[in-house]
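Comments concern the structure below.
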Amino acid sequence: MENIQNVLASLPEVVADTFGQGQPAGYIPALSQVDPGKFGMAISTVDGDDFVIGDADEFFSIQSISKVFNLSLAMHYAGEDLFRRVGVEPSGTTFNSLSQLEYENGIPRNPFINAGALVVTDALLEFVKSPKRDFLDFVRGLSNNIDVHYDEEVFRSEYDNGQRNAALANYLKSFGNLDNHISRVLDFYFYQCSVSMSCRDLARAFRFLAQDGKHPYKDEQVVSKLQARRINSLMMTCGTYDEAGEFAFKVGLPCKSGVGGGIVAIIPGEMSICVWSPELGPKGNSIVGMEALKYFARKAGRSIF
Ligand code: GLN
C-alpha cells in the first residue's frame with residue numbers, strides 16, 4: 001500500500017472536478033449556510049496514528065452519523081432485544097420515508113433510516129439518566145475531545161423544520177413502537193444530530209468499529225466483538241440509505257453518511273476514515289466524499305470483498 005499520507009495528499013486534485021454537482025442540505029436552514037467548497041479527510045489507524053488533509057480539523061454537523069453512536073449505546077444496554085423493534089434490512093427508500101411503516105406494522109426496516117433511529121432513541125431513553133449529557137460524554141470519550149458539543153443553532157433550525165420527523169414519531173407511536181412522549185424522543189434525536197465535531201474527531205471515535213468494539217482510548221469494550229461486526233454490516237447495507245448498493249459497488253467498505261456532508265468508513269482491523277464535504281447528491285450523501293472514498297479504497301487496495 002502506498003503511504004497513507006501520500007494518498008491523502010493527492011486527493012484534493014483527484015476530487016477537484018467533483019465540486020459543484022450538488023448542494024448542502026436545504027431542508028435544515030442552518031446547514032445550507034455552510035461553505036460548499038469545504039473538504040477534509042482524516043484517518044485513524046488501530047495503531048493510534050492519525051493522518052489528515054484539508055479541513056479535517058474544522059467542526060461540522062454530524063447529523064445521521066450520530067445514528068451509529070445511538071445504535072452502539074442502545075445495543076450495549078439493550079442487546080438483542082432492540083431488534084424486536086427495529087429490523088436489519090436495507091430499505092431502498094429515502095432516509096426520511098414513511099411509506100414502509102404502514103405495511104410493516106410500525107417496525108422500521110433498519111436503525112439508520114430516521115424511523116429506525118427514532119425507535120433506537122426511544123429505547124436508549126430507558127437506560128440513560130441524563131440523555132443529553134450521557135450521549136455527549138460518550139461521544140467526547142470516544143473522540144478523546146471535550147470540545148465536541150451540541151450546536152444549538154442547528155438543533156433549533158432542525159427542530160423548527162422537523163415536521164417530517166414529527167410525522168414519523170407520531171406514526172411510530174400509533175403502532176405502539178415508541179414508549180416515551182413524542183417530544184422527548186424528537187428532542188433527544190435532534191440533539192444527537194446536532195453534534196458538532198471534526199473529521200479527526202470522527203475518525204478517532206469510530207476506531208472501535210475497526211478494532212472489534214474496543215474503546216479507542218479506554219481499556220473497555222464499547223460494544224462486544226459480535227456487536228461491532230453487526231454494526232459494520234448494517235453500515236455496509238443500510239448506512240447510506242438508497243445509495244448503499246452504489247457505495248458497496250464503488251467504495252466496498254461499511255460507511256455511514258450524514259446530511260452535514262460527512263461520511264465515515266471502516267476498514268476492519270486497520271483503520272477508520274472520515275471525509276467531509278457539504279455538497280450532497282439526490283440521496284443525501286456527500287458527492288465529493290463518496291468520490292474521495294472510492295479513490296482512497298482503490299489506491300490503498302482495500303475492500304472488505
Ligand atoms: N437530522 C437529519 C434528519 O433527521 C438527519 C438525516 C441525515 O443525516 N441523513 O432529517
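Note: Cβ is positioned from N, Cα and C throughout, glycine not excepted.
Source: prediction; values computed, not measured.
Annotated features, as they stand in TrEMBL:
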- S64, N114, E158, N165, Y189, Y241, V259: substrate binding site (BINDING)
(request) Grab the substrate binding residues from the record (S64, N114, E158, N165, Y189, Y241, V259) and give me their largest CA-CA distance in Å. (result) 20
(request) Count the Cβ atoms, other than its own, that fall within 10 Å of the Cβ of N114 (substrate binding site), considering every protein chain shown. (result) 23
(request) Could you find out if DSSP has N165 (substrate binding site) as helix, strand or coil? (result) helix
